[in-house]
Amino acid sequence: MPAIVLIGAQWGDEGKGKATDLLGGRVQWVVRYQGGNNAGHTVVLPTGENFALHLIPSGILTPGVTNVIGNGVVVDPGVLLTELKGLEDRGVDTDRLLISADAHLLMPYHVAIDKVVERYAGSKKIGTTGRGIGPCYQDKIARQGIRVADVLDPAVLAEKIEGALELKNQVLVKIYNRKALEPAEVVENLLEQAEGFKHRIADARLLLNEALERDEIVLLEGSQGTLLDVDHGTYPYVTSSNPTAGGASVGSGIGPTRITTVLGILKAYTTRVGSGPFPTELFDEHGAYLAKTGGEVGVTTGRARRCGWFDAVIARYATRVNGITDYFLTKLDVLSSLETVPICVGYTVDGKRTDEMPMTQSDIARAEPVYEELPGWWEDISGAREFDDLPAKARDYVLRLEELAGAHVSCIGVGPGRDQTIVRRDILATS
């Protein structure tokens, strides 16, 4: 059976948790393959219960699904334990969560350095969440990181942390005038935390490939979005990992030929958190309307999201760099009650028209949107369950987005609940 990749096709916050939750009952495995607790998924169950997840895959809320934190994720042990306890306190079975032995651990010095560097950056800061994600990935690439499996050997763990702090403390004390961290204290705290998760450590790549050989379905769940990818996003205003579909293989250990479907998640308008270019951003009453009606506040950061009209340029770009086969369009209901609904179909940069993503970041920053206006609709669509239940103008909007994005819109979200979804094509049946 196939592996299916689920990715954000904009700047994150597209509603990936809803998509995972919808598919979760028909898959056997859900894998988080990159990022850390710098992103969040919100899942609303049919009972009305609302869950905000940051590290743990959304499949944890579906009985019978095995969930994996893959090797591409950076794991803050304290956040992991807090999230597990929060789920267990609400009656969620967490026994089905495994953690790749090769995932990297986010350490206290990563958080300290992240916060102080961002503070000293002043006006040039990139809007990091301050959770240590970037510094942890830096250590991973520099081959100085602490892996999850290291907690199984206290002597090796102590040696690695002592070596890391020789340099980190120099940076904290001599450059930023901060207090040094005690290696023994860091080791002791981590080993204490490890008692709460070391029974979950597994050879994830082996288990996942064995599952595929047994014809089980594996859903690979990305965090953030395409335009935040460190290689393909609006650099330097990006995350430190690869949320794009290519990162799914690297961050899970599943070979690319195993992947048969790439499901992109698109919000019916566009949002972004933090700094960076955003060609369709709105600063008027329409932006305020989208923010209020869409509840646009970051799950992890609590920061208000910047809002703008749908940008077909970045949707086409996401289709291309991810090889997207299907789209899940979310929050279509938010656009009800608008007289017209503009779609960005291209840009002008220094007076020249382009329908593609500009090659340089300076050009993206100067890009002015070219809009095509579609008539809006006034009906409440939250009860629609079939495509034909939508008003004609809402259907026209979806079909135009589909045409511009270059991939089939297979699912449409018309509200936050799991059941508030229109399925036009069964993604699993076509995989």
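For all residues, glycine too, the Cβ spot is worked out from N, Cα and C.
Its own atom aside, the Cβ of Asp13 (active site, proton acceptor) has 27 Cβ atoms within 10 angstroms in the protein chains shown. Taken from Swiss-Prot, the feature active site, proton acceptor applies to Asp13, supported by sequence analysis.
For the recorded site, His41 (active site, proton donor), the DSSP three-state label reads strand. What Swiss-Prot lists as active site, proton donor is His41, and the listing cites sequence analysis.
DSSP gives Leu332 (GTP binding site) a helix state. Positions annotated as GTP binding site by Swiss-Prot, on the basis of sequence analysis: 12-18, 40-42, Arg305, 331-333, 413-415.
The local packing around Gly40 (Mg(2+) binding site), expressed as other Cβ atoms within 10 Å of its Cβ over all shown chains, amounts to 19. Look at Swiss-Prot and you will find Asp13, Gly40 tagged as Mg(2+) binding site.
Taken from Swiss-Prot, the feature IMP binding site covers Asp13, Glu14, Gly15, Lys16, Asn38, Ala39, Gly40, His41, Thr129, Arg143, Gln224, Thr239, Arg303.
Taking all protein chains in view, 22 other C-beta atoms sit within 10 angstroms of the C-beta of Arg305 (substrate binding site). Residues annotated as substrate binding site in Swiss-Prot, with sequence analysis given as evidence: Val299, Thr300, Thr301, Gly302, Arg303, Ala304, Arg305.
Taking the C-alpha positions, the distance from Asn38 (IMP binding site) to Gly12 (GTP binding site) comes to 11 Å. Between Thr129 (IMP binding site) and Leu332 (GTP binding site), the C-alpha separation comes to 28 Å. For Gly15 (GTP binding site), the Cβ neighbour count at a 10 Å cut-off comes to 22, with all displayed protein chains included. The binding-site residues in question are Asn38, Thr129, and the one with the fewest Cβ neighbours inside 10 Å is Thr129. Neighbour counts of Cβ atoms within 10 Å were compared across the binding-site residues Thr42, Gln224; the minimum falls on Thr42. For the pair formed by Arg305 (substrate binding site) and Gly40 (Mg(2+) binding site), distance between Cα atoms is given as 13 Å, rounded to the nearest Å. Candidate recorded positions: Lys18, His41, Arg303. Fewest other C-beta atoms within 10 angstroms, Arg303.
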